[in-house]
Amino acid sequence: MSKVYDWFEERLEIQAIADDITSKYVPPHVNIFYCLGGITLTCFLVQVATGFAMTFYYRPTVTEAFSSVQYIMTEANFGWLIRSVHRWSASMMVLMMILHVFRVYLTGGFKKPRELTWVTGVVLAVLTASFGVTGYSLPWDQIGYWAVKIVTGVPDAIPVIGSPLVELLRGSASVGQSTLTRFYSLHTFVLPLLTAVFMLMHFPMIRKQGISGPL
């Protein structure tokens, strides 16, 4: 086993990487509230795992979406647990994200030289809210349907571009299959990809600049 480790160590310098990670200085003022960002990340990873598991059974059509969710909850092995964990961690992710934003703002973590870290964090907060909006519609029950209809109808109040924007969101003049397809694509592909990209920008900046000091 040591020979295998030595082989990788010679090529990747694993020990140097581990030393860099474990030797990072942590300021003495750091408390449990500085863990909110990490908890949000953990919730996101749980979302990815449980969401991926549900894609094996979920059918993104207006005629089968609700019945496929019922199948997950009543027939699929541990489906009820997987979907419940997905819902609980979604709520927890939104809550932790909100608390994390407040903590950073109240402790001045957005100030120079951490402006870009703050900007990427705000983008991640918007993406988190977008996960909630798109995921809420996927069961395609009465609550999901009317939530989508209301949310996609909001831009209609914007002069000139309002109506085209509504049609872009819905995929047609009214809420239907095109809308569900778009929301499913956003929820399972576009938003996770964008979130991963901005996380890969957010975390190295935190790593480079360190945790902000006390006020």
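Backbone N, Cα and C atoms are what each Cβ position is placed from, and that goes for glycine too.
If you look up Swiss-Prot, you'll see Cys35 marked as heme c binding site, on the strength of sequence analysis. The annotation heme b 2 binding site is assigned in Swiss-Prot to His86, His187 on the grounds of sequence analysis. According to Swiss-Prot, the feature heme b 1 binding site maps to His100, His202, an assignment based on sequence analysis. The transmembrane segment annotation in Swiss-Prot covers 32-52, 90-110, 116-136, 186-206, and the record cites sequence analysis as its basis.
Annotated features taken from Swiss-Prot, shown on the structure.
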residue : record                : Cβ neighbours (10 Å)
Cys35   : heme c binding site   : 14
His86   : heme b 2 binding site : 19
His100  : heme b 1 binding site : 23
His187  : heme b 2 binding site : 21
His202  : heme b 1 binding site : 21
Checklist entry - Of all the binding-site residues given, namely Cys35, His86, His187, which is spatially nearest to His202 (heme b 1 binding site) at the Cα level? => result Cys35
Checklist entry - Can you name the binding-site residues among His86, His100, His187 whose CA is within 10 A of the CA of the residue listed as 'heme c binding site'? => result His100
Next on the checklist: Checking distant contacts: for the transmembrane segment (32-52), what same-chain residues at least six beyond its ends satisfy Cβ-Cβ under 8 A?
Outcome noted: 82-83, 85-86, 89-90, 92-93, 96-97, 99-100, 103, 128, 131, 188, 192, 195, 199, 211
Checklist outcome for this item: His187 (heme b 2 binding site) to His100 (heme b 1 binding site), Cα to Cα, whole Å, comes out at 23
Item to check | Separation of alpha carbons, His100 (heme b 1 binding site) and His86 (heme b 2 binding site) (Å) | outcome: 20
